[in-house]
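Features as listed in TrEMBL:
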- 23-480: domain 'Major facilitator superfamily (MFS) profile' (DOMAIN)
- 542-746: domain 'B30.2/SPRY' (DOMAIN)
- 239-261: region 'Disordered' (REGION)
- 12-34: transmembrane segment (TRANSMEM)
- 80-101: transmembrane segment (TRANSMEM)
- 113-136: transmembrane segment (TRANSMEM)
- 148-170: transmembrane segment (TRANSMEM)
- 177-201: transmembrane segment (TRANSMEM)
- 292-313: transmembrane segment (TRANSMEM)
- 357-374: transmembrane segment (TRANSMEM)
- 386-410: transmembrane segment (TRANSMEM)
- 451-471: transmembrane segment (TRANSMEM)
- 478-495: transmembrane segment (TRANSMEM)
- 507-528: transmembrane segment (TRANSMEM)
- 540-559: transmembrane segment (TRANSMEM)
Amino acid sequence: MAWPRFLQRGSLLSGFSHHHVAVFLLTFFSYSLLHASRKTFSNVKVSISKQWTPSAFNTSADLPAEVWSSNHLFPSTEEATLFLGTLDTVFLFSYAVGLFISGVIGDRLNLRWVLSFGMCSSAFVEFVFGTLTEWLHFYNKWLYCGLWIVNGLLQSTGWPCVVAVMGNWFGKAGRGVVFGLWSACASVGNILGACLASSVLQYGYEYAFLVTASVQFAGGIVIFFGLLVSPEEIGLPSIEAEENPEEDSHRPLINGAENEDEYEPNYSIQEDEAVTQVTAISFHQACCLPGVIPYSLAYACLKLVNYSFFFWLPFYLSNNFGWKEAEADKLSIWYDVGGIVGGTLQGFISDVLQKRAPVLALSLFLAVGSLVGYSRSPNNKSINALLMTITGFFIGGPSNMISSAISADLGRQELIQGSSEALATVTGIVDGTGSIGAAVGQYLVSLIQDNLGWMWVFYFFILMKVLRALLARMVETGALLVCVVETGALLARIIETRALLVCVVETALLARIIETGALLVCVMETVLMQMTIGNYYFSIFYIAVLHLLLFYISIRGYLEELTFDPSSAHPSLVVSPSGRRVECSEQKAPPAGEDTRQFDKAVAVVAQQLLSQGEHYWEVEVGDKPRWALGVMAADAPRRGRLHAVPSQGLWLLGLRDGKVLEAHVEAKEPRALRTPERRPARIGLYLSFTDGVLAFYDASDADALAPLFSFHERLPGPVYPFFDVCWHDKGKNCQPLLLVGPDGGEQA
């Protein structure tokens, strides 16, 4: 097994600057402070419950009995406990809703502003909830519920923002161990909150809220003035460029680079950066990204158990074993210690294996045993702490990994890399779905404990862990029900396609197509809506592929008869008399004329034919040419000066760079690197449908089938010309010509 690149020659730390360290620490402690404030509420539940019940049940109340008789909230401790569980539930529901919203907002606004606003505003609400109401002796159930709902919405800005910032700074190489260590921020926050609360609890629970709210507010101010949300803010390269092992050859050249001295005006549009800013994808598109829904549902089961320990562990220790509240608060720290070690170690193992699902599945199956063991813990603090640490290792560890490293992986996967921002949105979806599960769980915990006792609460936890482990296994093996639905729908489409083909194609030809497998190859095109589960892929059928299939089968023998337009060709290009061959001359080119139809910077040419409606298909022989770009150009797009190869500038292109990487030129700062092809395409087929709004690129090297490469799915704003970027000859390295394929299937000189 080859070791991951981040483990070789110390490369994990070699690429980190002091900016990376600062971002790591600022995001770490910002979320730690948010979690510390939540832990404060968990750790003072016993004191709050006593303060909210009449003196007959509360012998330690500070106020006189006659005051409590007229102002108590609940007649018994049991009802106060049930209301505390309700507060946990409403907090988590509002937190879940806020995660879905704040993730989308975080991808559209400055992450630093959103995070700072959430921290400061949440701190103020916590001060009002726990401190101001107690100072004023004002107790009202509806006020408490309203404040806690608002607090949940404000706290939800934290996690999507910090994960997105970390994802902007730290690449996938080593992400498991880096995010595993960093995700300990929640556990450190729990420890910090427990220590702060226990240190001032003797003076009243209102001072616990006062201390944590003050520290959190100060942290929000620091974030506003000190956090850098991405490397680009200070001129460092983005992690997309750093993650590319061919970085030096794929990054755009600066000022023409090596050919500047000989052909200063000449350049390839592949070497130019687009000016369009990175755009955020929609909520629906984020949900359709591979793995987002399966991991979100699985995380709902996991977070239910993890947050039940978070909210109820100190109360359970005090209520079940009779330990003092301050002692229970300090002892509960060991659960978070286990989570810190578990998240870091499991993240490291997943990086070594380069797979996360198997590590998760094993941890969660072992978590079932740890829950069984902890439910039978004796009344001994040392043994309880040991069992609690083991439980935290197998529950808190996987929780940290899903909510951080896996969310970052999902938000920066290849399908959207370089074209859209999705990190905060995906993180919000995963954590939001998990919080919905946790919200339901908190109410169920209080209900089960009140009616059946603590042992049945642990049985409930075990059931959730088994379900979560099964979901993790399904993610790895592809055994989700959606696979069956996808496969059934695909088969139905294939049958429908076959029936339609029978009507328009000769039977003998149809039989040959089915025998060679060309039908399945053409139908099963991979598109953005592709569902991925583990290592299994299930493609959603796109109707334009059927149109292309019929078009390809029936009239491929009648390809579009295109010819290069010599008047548009860059001065260094030589167009053959037939108009079907073009190449870049190695001789010094004369300066471009005044004709605005001619390219003066881009070493490119367009076809003479203007396409404005209907369906069109043409093929270009690229041979072993290492650099080229093909596509269409808007009729009114400028041809003079430097061109920006993005749709908003009137160019829809697919290109090959250095004979290694296929690039789709989309709305991004740099071309999107699709993949390194197993074989270099020798012939490219382009299909344009004005009706369906599709421009598809295919490897047409095989005479019997088309292999999909990439598709633009948008309606073109007007007429277009077929476009051909021949690229600079690179001192003989890229001097091969481009040839238009004729109707007989052969290239024409």
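Cβ atoms here come from the backbone N, Cα and C positions, even for glycine.
TrEMBL entries are annotated by machine, without manual review.
Per-stretch counts of Cβ pairs under 8 Å to the transmembrane segment (148-170) identify 80-101 as the leading one among 80-101, 113-136, 177-201, 292-313, 357-374. Under 8 Å from some Cβ of the transmembrane segment (177-201) lie the Cβ atoms of residues 12, 24, 27-29, 31-40, 42-44, 47, 162, 166, 170, 207-208, 211-212, 215, 310, 314, 325-326, 329-330, 332-333, 335-337, 339-340, 343-348, 351, 392, 396-397, 400-401, 403-405, 408, all in the same chain and six or more residues away from its ends. Looking at the domain 'Major facilitator superfamily (MFS) profile' (23-480) alone, the prediction's average pLDDT is 72. Using a Cβ-Cβ cut-off under 8 Å and counting only residues 6 or more beyond its ends in the same chain, the transmembrane segment (113-136) has close neighbours at 30, 33-34, 37, 40-41, 44, 51, 102, 105-106, 143-144, 147-148, 150-151, 154-158, 161-162, 165, 204-210, 212-214, 216-217, 219-221, 223-224, 227.
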